[in-house]
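Feature annotations, courtesy of TrEMBL:
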BINDING   H115, H117, E122, H162  Mn(2+) binding site
DISULFID  C35-C52  disulfide bond
DOMAIN    66-216  domain 'Cupin type-1'
SIGNAL    1-25  signal peptide
Amino acid sequence: MGGAYHLQVAATFLLLAAIASIAAAFDPSPLQDFCVAIDDPKLGVFVNGKFCKDPMQAKADDFTFSGLDRAGNTSNAVGSNVTLVNVDRLKGLNTLGISLARIDYAPYGGLNPPHTHPRATEILVVVKGSLYVGFVTSNPPKLFTKTLNVGDVFVFPIGLIHFQLNVANTNAIAFAGLSSQNPGTITIANAVFGSDPAINPDVLTKAFQVDKNVVDYLQKQFWPEN
């Protein structure tokens with residue numbers, strides 16, 4: 001009886017261990033847009049993340065960033081500025097799966113234009129002003145929006161198109177946490193109409209169901225990266 005019981009417990013433990021090992025057997029999340037495989041490691045340039053400093057050589061400065069107390073310059077076409085603190089600016093973030101941004105918005109109309117973060121969910125808190133924010137789901141697209149005031153928090157799920165618009169007559173400020181050390185940003189208008197080289201106008205004419213002259217005009221515009 002005792003032996004059978006212990007055998008059953010051991011079998012259950014082994015089964016759970018096997019399930020756990022299967023669940024843990026997945027590819028690591030990418031930390032750049034792509035990583036082309038090569039056979040000769042001597043030809044390698046990028047890795048999925050950063051090389052690690054010897055822990056004995058680490059210092060407090062590796063975990064410190066200064067500057068988020070200063071407003072970003074919003075004198076641009078969209079009236080906003082994003083100051084991103086990712087692993088390129090704060091080396092101690094490496095492997096921790098998190099980054100931070102300060103977003104400044106010009107008075108009424110300052111826009112952080114529709115964009116996505118391919119590698120991160122974003123959580124945003126308003127610390128000054130009022131923002132009209134929203135995101136669009138995958139197909140069939142559904143829009144979720146909210147007007148946020150000071151102290152309000154909103155979440156933008158990973159990979160979904162989202163935006164923020166200042167609807168106050170004063171400057172607005174928000175801070176955002178992102179669930180990647182290198183979340184990446186794809187600004188929709190810039191990606192579609194400002195890519196290098198340009199997307200064939202026939203593709204965009206068909207996709208947007210507009211005249212080719214409209215596409216030509218849009219491709220000639222300067223599309224800011226934010």
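Cβ coordinates come from backbone N, Cα and C, glycine included.
Taking Cβ-Cβ distances under 8 Å and a sequence gap of 6 or more within the same chain, the neighbours of E122 (Mn(2+) binding site) are V155, F156, H162, A176, G177, L178, S179, P183. Within 10 Å of the C-beta of C52 (disulfide bond) there are 10 other C-beta atoms, taking all protein chains into account. Separation of the C-alpha atoms of C52 (disulfide bond) and H117 (Mn(2+) binding site): 25 Å, rounded to the nearest whole number. For the Mn(2+) site, the Cβ centre of H115, H117, E122, H162 serves as reference, and the other residues of the chain with Cβ at most 8 Å from it are T116, A120, F135, F156, L160, I161, P183, T185. Per-site Cβ counts within 10 Å over the binding-site residues H115, H117 peak at H117. Cβ-based neighbour count (10 Å, all protein chains) for H162 (Mn(2+) binding site) stands at 22. Mean model confidence of the domain 'Cupin type-1' (66-216) amounts to 96 (pLDDT, 0 to 100 scale).
Here the Cβ of C35 (disulfide bond) has 13 other Cβ atoms within 10 Å, regardless of which shown protein chain they belong to. On the backbone, the CA of C35 (disulfide bond) and the CA of H117 (Mn(2+) binding site) stand 18 Å apart.
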